[in-house]
Amino acid sequence: MLADIAKHSAIEVKLPKAHKKNSSSGSSSPTSPATRGNNKRSASWTDYGTPPNAAWLHEKIKFPAKTHVTKVASKLPPTANGIIYLPGAEDKYYEDSDQGPAFRQRRHFYYLTGANFPGCAVTYDLHKDHLILWIPYTDPRTILWYGRTPTLEEVRASTDVDEVRYVAGVNRYICASLTPGASIYVLHPDQAPQLESPKGVVQIDTHSLRPAIETARVVKTDYEIAQIRRANAVSSAAHRAALSRLSRLGNERELEAIFAGYCIAQGAHTQAYPIIAGAGPAASTLHYDNNNAPLKPHQFVVLDAGCEWNCYASDITRTYPIPGSFSAEAKAIYHAVLRMQRECVERIKPGVVYSSLHLHACKVAIEELLRLGILHNGTKEEILARGTIAGFFPHGLGHHVGLEVHDVSGRERLLLDSKSSLGPAGGVKSARCRLSPSKRELVLPETLAVMFRDEMKEGGGGDGQGKGVVQMQKAKRSAGGGRQRLEEGMVVTVEPGMAYFLDVPYHAHFINKKALEQYWDLGGVRIEDDILVTKTGYENLTDVPREIEEVLKVMNPS
């Protein structure tokens, strides 16, 4: 199989599909295999699914550096005056070695420049509205070993900066440009420039720039959406390639190899995060990365994988039955998660409070588990009020996607977590909610209890539009502000899941352990798409089969 991956990379030209609101996340059928004169099959990537249009995929688009930096400047305090300064990343080496990891540019720096090579810096004069990218000069003696960096002219043609200069002069420029009372805005104290002869006292501001950049990055520009769209096109095709071969695979690592090889063949050399290929019990581990266990019949396998395109991430998850059919139990659990995802995606539009989608997913999960008899001895409202569903759906519904797979979310956050103290018999005595960071974290039962209690108390309808939710948005909580509303231009994931139950006596009353035993060995289920918020709704950027009939058709084309 690895030989096939290395040898064949034929590309069929076909534009990727886009999914608008009220359309399901459909799939492309596998392309018919190519044949030669003797009717023997000629292996190529088109056997595994239709690749993205190569001309569209590799189209050169000038990086909108000036647009990005002016967005950032608008988020700084109104009195801001001086120079924004960011150094780029440098090459790194492993300890006691002349080798090192692949270069990875600092994401905030890349957002302002589009420069993806080491040794650079950027300055932006707030008063003059002047953006300069500073690049390293390549010593001719090093070209033999490492090649050359782009020239001044080549860089200027690729990114919309006002000027490109060699980095050796950056400190002299800053010293000459500073005026009395001006500041240098940096992300961290250790990134401040080392100035030899500044004019008077230099004010270094380390507090204003980071929130300004992170807020600017939340709503994507057209360029950023184009790159995320391309990352999704390649990753979607790679998922279809892996799905089409799954019934012939014997180990998780083979699934990983097909996905990674396909992405590389299309020009996406970097994964946005380590590929997760986990079967059976490992399918319930959110960040599983061993990818080395056998694929056993009558289990699920989760493939959570997405490549980068021009530093922009994709994040796609699918769950498939091994070897290629759903048992009754597998179909029931998969349908529950699919319904959670489908209904949450359909609710996406500007103005919706994202955390309300998580709460809706929890309600759907409870309805489905009650239907299957896994939950019992209570109503949907009683089970949700206690937070029991967090044992089955233990992680957040999603996150922003951009230059990071778990991208920044600005001054507000998508979801809430909690620090709680439990009263008698595990009851919630108090819960102190805080805004969670963008990375995926556990959503505790106490958190759900607080969210549900607030919704009931304040009259929210669970759709992010109700009176209670509006009141919560306006009332800036002492714990850290309002819950984030979706805006046009955001790209977020929707990834509900069904996993294990945390065995706590406080929740045992609602759990039918005998019924649950039928589902333990299957493993977890997660389904995840990348969703662009549009003016009136959403667009699903991901094109991978998720409906049961579509999945089986690709796995069993005959």
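Glycine residues also receive a Cβ, built from the backbone N, Cα and C atoms like all the rest.
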Worksheet item: The Mn(2+) 2 site in Swiss-Prot includes Asp304, Asp315. Which of Glu90, Glu95, Glu528 is also listed there?
Response: Glu528
Worksheet entry | From Glu346, Glu488, Glu495, the one annotated by Swiss-Prot with Asp315, Glu528 for Mn(2+) 1 | Glu495
Fill in: Cβ-centroid neighbours of Mn(2+) 2 site Asp304, Asp315, Glu528, 8 Å, sequence order
Ala305, Gly306, Ile316, Thr317, Thr493, Glu495, Arg526
Worksheet entry | Chain-mates of Asp315, Glu495, Glu528 with C-beta within 8 Å of site centroid, Mn(2+) 1 | Asp304, Ile316, Thr317, Gly398, Thr493, Val494, Arg526, Ile527, Asp529, Asp530
Fill in: Nonlocal neighbours by CB distance (under 8 Å) for Glu495 (Mn(2+) 1 binding site), same chain, sequence gap 6 or more
Asp315, Thr317, Gln341, His395, Leu397, Gly398, Arg526, Ile527, Glu528, Asp529
Fill in: Cβ-Cβ distance under 8 Å to Asp304 (Mn(2+) 2 binding site), same chain, at least six residues away
Ile275, Ile276, Ala277, Gly278, Asp315, Ile316, Thr317, Arg526, Glu528
